[in-house]
Amino acid sequence: MAKKKAKDPVSYDVDSLGKLEGLEAVRKRPGMYIGNVTNGDALHHCVFEVVDNSVDEHLAGFCQNINVVIHLDGSCSVEDDGRGIPVKVHKEFGKPGVEMVLTELHAGGKFGQGGYKVSGGLHGVGASCVNAVSEWLVAEIHRDGEIHKMGFARGDVTEPLHVVGPTKTTGTKITFLRDTEIFVTEHEYKYDQLAKRLRELAFLNPGISITFKDERDDRSETFKFDQGAAQYVSWLNRNKAVLTQEPIHFVGEIAPDDEKPEEMIAVDVALQYNDTYNEQIYPYANSIYNGDGGTHLSGFRTSLTRAVNTYAKANKLLKDKDPSISGEDVREGLTAVISVKLHNPSFNNQTKDKLLNQEVDGIVQRVMGDKLKIYFDQNPKVAKRIIDKCVSAARAREAARKARETVRKSVMSGGGLPGNLADCSEKNPELCEVFIVEGDSAGGSAKQGRDRRYQAILPLFGKPLNVEKARLDKMLNNKNIRLLITALGTGIGAEGDGAFDLTKARYHKVILMADADVDGSHIMTLYLTFFFRFMRPLVEAGYIYIAQPPLYKIKRKRREQYVDNDVQMNRILLELGSEDVILTRLRDSHDFTAAKVDRAVEAISQIEVLGRGVSRYGCPVYKYLDAHDEKTHELPKYIARIRTGNQEEFVFLNTDEDRTAFYTENEITEDMFAGMTIREKVIDDITYQQRISVHEIHEALALTKVLKELAKIGLDIHQFSPTEEARYTLTENKGQKNENVVEMHTILSLVEQIRLFGRKGLTIQRYKGLGEMNPKQLYETTMDPEKRRLLKVDISDAAKADATFSMLMGEDVPSRRAFIEDNALNTSYLDA
């Protein structure tokens, strides 16, 4: 939160809000409002909607800092130091402003007369939709000298707006937990996907600071950039050799209507060429990335192509034998960011994939055309280098067209499909899949084990060409690449005969299989580089997969099982350890059923995860659990950590009011809230240094649910602290010769003890090569659709993917060396 700004926040008050309709349809058809709820897009979009509202405050001139936190219980907090959502009751609608914003569609400052002039959240449904699809949501607003709080569950008010204490700051904090009734298949946040968007916002809004923390693995980053689009382009090109030391950077403002000069359209464009053959252009409108482009992108492309051709002809830089320079040639090796900010943006949908405002095309051309001409005139050497690169690209394009035509004619003249392709009998591409395997051994097992009806096998020999260092014309001379293009049937390249056409794909699943060793990993990376650089629509369409053969086969007695990863191994250990065990409560010799033991293991496993949210503040988990309410099982919302000298104590605060009272009692001012209070304390005439910090436990609600589950099972939950006398026993193989009885002094040790039981008698076999499996094993573990595990290749962060491929597969040796040195200690297994 921030101290009150000098600007008068009255322009964003309750009367500046407008209201259009309610939330009735959101939970029934969430995809219409927040995107696809099955693939994770909508889940992350919820975070972005709340963050966008904070960015709107920044664009209005108020917010400087945004904090985003993913908590251990799966909830997310977004906090800003803007003006705070209005809290007074709206005269017309009879509701507090915050309730309108969070429970009504199209209720927000962007529809009023004094709210936001420029806003990314055009439709105004973001915050209310997030509320509708959340199991619970809590809003905390610092405004008008008071801290206001309001609670919701699935869009309905559960905790009316009330004041919990005084404040000298302003801002809004929204904390919400996604509803698994809505997000059934994908309900875990991806760090990289969130970080990508937050980084973009910081680049596109110079001066704002965005801190992102993921408490699940203690990762955090702060994004703050002062040079906007130009700094963004430099970051995108950080692993590439560039033609100019600094990006070419243009800014301008033009009003589309002379009668409305206040509705200026701001254009911020930065571009820089590098020595690769790939195009990277990122268009944004009001800081929202438009994946399908739109009028700002078309204006940029038109202006750039025209400026390059005009300058080249005017300065006689093109020879008669040179091919004409096309837009594709101009954009080869180009990295650019186009950012426009406008008053009334028009998008094709709520996810804002495409900008539709027609006037933007001409305005971008006007800004670009004039300024680029001036830049070329003032920097003739740079202009010549750019045009030489474009001419080189045009020549390579012509050579690639001829090479592609040769490949196409080879197929049409009877060359047909590759001879080593073992094709399937099914002709419907949607039902077909092809496995790309390396060498004879794996190829032979795959051919024998496959289902010939719909599974094809394409063995390729040796390592494929590193296409990061090759243009299309050179690449088409590589045998493996030609075989792959022919087998897939899509063609390749952007234009002309034999150009890439996704609709011609012969398989809708292209599955890469490689050994689990260094060579296999290298081959996999080379093929991924090829698909990312030259067949990216296949990746974007979700056609590319990586087979995930099991790492181990474990055996215990007569039971054999394949294990994919450590998470599955942990689950199997718990399953094995739970076999033939009896949990007994000693105070009444009560034996729990096997089903109840399984429920207890699941519940305590959750405590192991959620409890990290408590232990990171130094408080033992059992001590916090012991502080629960005996009747409701509810746990404290806050922990006060007090360290006086070498003595440490914890005070548990159940409510917001308890926290406020604690602050008052200990004379802690609001300036101290965010960090630690350090002061002197005199006890028995001795002066000690005392440190006090208060922490919100976001996992309290989730842990309360776990306690209620343990109570339903019948376990004693009045005390979790270890006792001198044993309280439970866990008996393995009761009544048998190898009976084993273990005493437990707290129920919290149940899971770890069962893991120890599960490890007994295990033999583990590790698979390194696909050729080590016989055809039956390979089909069962890697090819059977009912049992196999495939990793779909997607591009959640295209900029990061581009930088990674450039760094790993390009010419930048120092960056690659630094990457290897930085990550060497993080490598859990490397088969050399």
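Using N, Cα and C of the backbone, Cβ positions are placed for all residues, glycine too.
Going by TrEMBL, these are the annotated features:
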DOMAIN    432-550  domain 'Toprim'
BINDING   E438, D515  Mg(2+) 1 binding site
SITE      K463  site 'Interaction with DNA'
SITE      N466  site 'Interaction with DNA'
BINDING   D515, D517  Mg(2+) 2 binding site
Practice task
By DSSP assignment, list the helix, strand and coil residue numbers for the domain 'Toprim' (432-550), in that order.
Solution key: 53 helix, 20 strand, 46 coil
Exercise for the section: Measuring CB to CB from K463 (site 'Interaction with DNA'), give everything in the same chain under 8 Å that is also at least six residues away in sequence. Expected result: D519, H522, I523, L526
Exercise for the section: Enter the number of other CB atoms within 10 angstroms of the CB of D515 (Mg(2+) 1 binding site). Expected result: 23
Exercise for the section: Rounded to the nearest Å, what's the C-alpha distance separating N466 (site 'Interaction with DNA') and E438 (Mg(2+) 1 binding site)? Just drop the number here, would you? Expected result: 16
Practice task
Please work out the number of neighbouring Cβ atoms within 10 Å of the Cβ of N466 (site 'Interaction with DNA'), leaving out its own Cβ.
Solution key: 17
